[in-house]
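K.L.:
So TrEMBL lists the following for this protein:
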type	residues	note
ACT_SITE	Tyr154	active site, proton acceptor
BINDING	10-38, Asp64, Lys158	NADP(+) binding site
BINDING	Ser141	substrate binding site
Amino acid sequence: MAPKIVLITGCSSGIGLALAVKLAQDKQRRFKVIATMRNVAKKENLEAAAGSALNRTLEIKQLDVCDEKSIHNCINSIPQRHIDILINNAGVGLIGPIECQSIEEMKVIMETNFFGVVRMIKEVLPDMKKRRSGHIIVISSIMGLQGIVFNDIYTASKFAIEGFCESLIVQTLKFNIFVSLIEPGPVVTEFEMKVYEDAEKADYSQTDPETAEIFTNVYLKNSRAIFSSLGQTPEDVAEHTLKVITTTKPPFRHQTNAIYTPMTALKHADPTGALMTDSFYKLVFKYDILLHVSLKAIRLLRWQAHKMRQGARLLGFR
């Protein structure tokens, strides 16, 4: 069977890089990966990680999801414009009080995270419809299901793409085209760390002192604890995505971090939203000590589970 052609956006680092390498190094050689990035000058890390797969099962191309001409040129460079699997991964982040964020900054988030995905799907969907086959994957976020304080605009971009895909899939299934939303929680990448590093140095004089204090001394502190306790690696998310790709009937939504499932279920348990908002309010402002104790316990349990898996592998168990 011929390998499936997989196009991935945003492959210079993080989840995109891990995904490109994971699929390109597949032992069964089920995939030919077209790894794209806005700035191909940043391809060194991907080339190094790809190893012998480079220029065999992995090809690097320039593609800017905010530029329709760039998208069109990239897709046209692929033989017969044939793409079996499109993985929309390119994205940017923004955190902080909205009073300190310009409308232009907000537009950048929406242009990349929402319209970037829409542009890609618009380009490949007609070809997939003609072939009556295809799989469109979007690396969304748990924040596409659940709003998180001080992530207002980033969350809005993910909510937007979730609603878009929820509408789109009803049509695409008629053409035998699957749509899947991959919804990670915190993922420890250079992208994430840069967002938080920039936030720690930013100027918050445009908001009131109380809000600035909450953001810097409550939100950022809690975020560091959450990332160290609950954060996944890009490779872990790539592994989850591979399972979705290789499933006979791929799921529409797939959360990669089971610890977050109860949190996202709160809004469905109470349609008024009171249960969800009250729970998050108390976690942030009343029970922060309990939150940190719980996170430390989870971190310890995850460490113990990791050591047990390592021991099992050493003993020859799988």
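Including glycine, each Cβ sits where the backbone N, Cα and C put it.
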K.L.:
Here the binding-site residues are Lys22, Arg30, Arg38; which one has the lowest number of other Cβ atoms no more than 10 Å from its Cβ?
P.N.:
Arg30
K.L.:
Quick one: pull the CA-CA distance for Ile34 (NADP(+) binding site) versus Ser141 (substrate binding site), whole Å only.
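P.N.:
So the alpha carbons of Ile34 (NADP(+) binding site) and Ser141 (substrate binding site) sit roughly 23 Å from each other.
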K.L.:
Using all protein chains in view, find how many other C-beta atoms are within 10 Å of the C-beta of Gly14 (NADP(+) binding site).
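P.N.:
Excluding its own Cβ, the number within 10 Å is 22.
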K.L.:
Taking the Cα atoms as reference points, how far is Arg38 (NADP(+) binding site) from Tyr154 (active site, proton acceptor) in Å?
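P.N.:
Distance (Cα to Cα, whole Å): 20 Å.
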K.L.:
Roughly how many Å lie between the Cα atoms of Tyr154 (active site, proton acceptor) and Ser141 (substrate binding site), rounded to a whole value?
P.N.:
10
K.L.:
List the residues of the same chain that sit at least 6 positions away from Ala18 (NADP(+) binding site) in sequence and have their Cβ under 8 Å from its Cβ, in sequence order, or write 'none'.
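P.N.:
Looking at Cβ-Cβ distances below 8 Å from Ala18 (NADP(+) binding site), excluding near sequence neighbours, one finds Thr233, Pro234, Glu235, Val237, Ala238.
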K.L.:
Measuring Cα to Cα, how many Å separate Gly10 (NADP(+) binding site) from Ser141 (substrate binding site)?
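P.N.:
About 15 Å separates the two Cα atoms.
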